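Asker: The structure is given below, and queries will be raised subsequently.
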Amino acid sequence: MAEVSADRSDIANANRWVVKLGSALLTDDGEGLKPEIVARIVSMCERLLDQGKQVVIVSSGAVAAGLAYLSWAERPKKLHDLQAAAAVGQTHLVKAYEIAFARSGRTTAQILLSHDDVLNRDRYLNARNTLNRLLELKVVPIINENDTVATDEFRFGDNDTLAALVANLIDADAVLLLTDQEGFFTADPRKDDTATLISVCDVDAQELDSMAGGSGRLGQGGMQTKLRAARLAARSATQTIIANGRRPEVITEVASGKLVGTWLRANKPSVAARKQWLAGVQKDSGVVTIDAGAVRVIQDQGRSLLPVGVVAVSGSFRRGDTVLCVGPSGERIARGLVNLDSQELSLVKGVSSSRLPELLGYAVDPELIHRDNLVLL
Ligand SMILES: Nc1ncnc2c1ncn2[C@@H]1O[C@H](COP(=O)(O)OP(=O)(O)O)[C@@H](O)[C@H]1O
Ligand SMILES: N[C@@H](CCC(=O)OP(=O)(O)O)C(=O)O
């Protein structure tokens, strides 16, 4: 099962990071939002940004911060009370990040996501495009659940799950779940003082399930949701590390591959797995005919397919569907997941990607099929 240590070069080489901060950490166990904790976390994130890495922050704490501003001693049970507290706390939360990042001249963006945003394919792609654009612009996204509109049936509830879904959304290399414990222990250390820290373990190891307990007073889900989140993150081959956000240099240490916290190791190479899946798809939603130049760059140079290389479109498909690409004489060339639906593509086939926003009236990916979503047949 768990190994004592392992080479963490995968972690040290991770470029795109999702850093998640739990409520207990940000409020110092319910003391109200602590801007100095936010500032400390932010300065560590800045060090990653200075090294050219990308950072997306998923921050809890809206409810816990709101409780303090409303002078409510206990986390309420009723959804509307939780939502009211979140609405009060969220503005203070995001302000704390804005102020802290502004000290080094960096800009932040608030993104509030709900369940539908990751389940609905169109909204999923929109959220992904927006996040990718913010990262290109070197803006730091600060994400939380859109608590004020989430209903009981349709909410993530804990931000561990949200962090994992964000990692899937942007194909992050690593997720760092910062909490109030050193990492994942063999049992809940609050209840069992013989529990020991696991340094590294395969995320799918079954023995982890019985070791993961529930949450403390303020957080939601405890190690159970962190384990589930790590397994979700592994779907995009994202590595998960759980560590203590109170350690002075925790983010810097983890990102440099130091043996800090628990690494829940993901083994599946996502692109390869997706390509394998694509190769086996039995029914395509449409067919696009591409010109000889496009065939060449796809086959010989492993490049993405751009709308400019498309000469004809047949069938009715939506963004995210699988489409067969055939050459000028109808020969099967490739299969991939499209970023445009069939009507949009009919409008922009043969057109250079720089003109897509002007013709469609909104921003879209420049590729019709990104090379990571394309398999040669
Ligand atoms: N096996 C375990 N190892 C470490 N912590 C555990 C374990 N099982 C349960 N926990 C609990 O999980 C808590 C952290 O999760 P949670 O309260 O949801 O915080 P956060 O707000 O950081 O998500 C810890 O304080 C601890 O009591
Ligand atoms: N969206 C909620 C987060 C819920 C929550 O408590 O999450 P966590 O602390 O990560 O277990 C908030 O901002 O209060």
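Each residue, glycine too, has its Cβ placed from N, Cα and C.
Keep in mind that TrEMBL annotations are predicted by a computer and have not been checked by a curator.
Note that the coordinates shown come from a computational prediction; the quantities given were computed from them, not determined experimentally.
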Asker: TrEMBL has T179, D180 binding ATP. Which one of K20, K349 is in the same site?
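Answerer: Candidate in the recorded ATP site: K20.
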Asker: Can you count the other CB atoms that lie within 10 A of the CB of K20 (ATP binding site)?
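Answerer: Taking every protein chain into account, the count is 29.
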Asker: Of D147, D180, the binding-site residues given in the record, which has the fewest other CB atoms within 10 A of its CB?
Answerer: D180
Asker: So which of the binding-site residues K20, N159, T179, D180 sit close to ligand 2, that is, with a CB under 6 Å from an atom of it?
Answerer: N159
Asker: Where the criterion is a Cβ under 6 Å from an atom of ligand 1, which of the binding-site residues K20, D147, N159 meet it?
Answerer: none
Asker: Run through the Cβ atoms and count how many others sit within 10 Å of the one on T179 (ATP binding site).
Answerer: 26
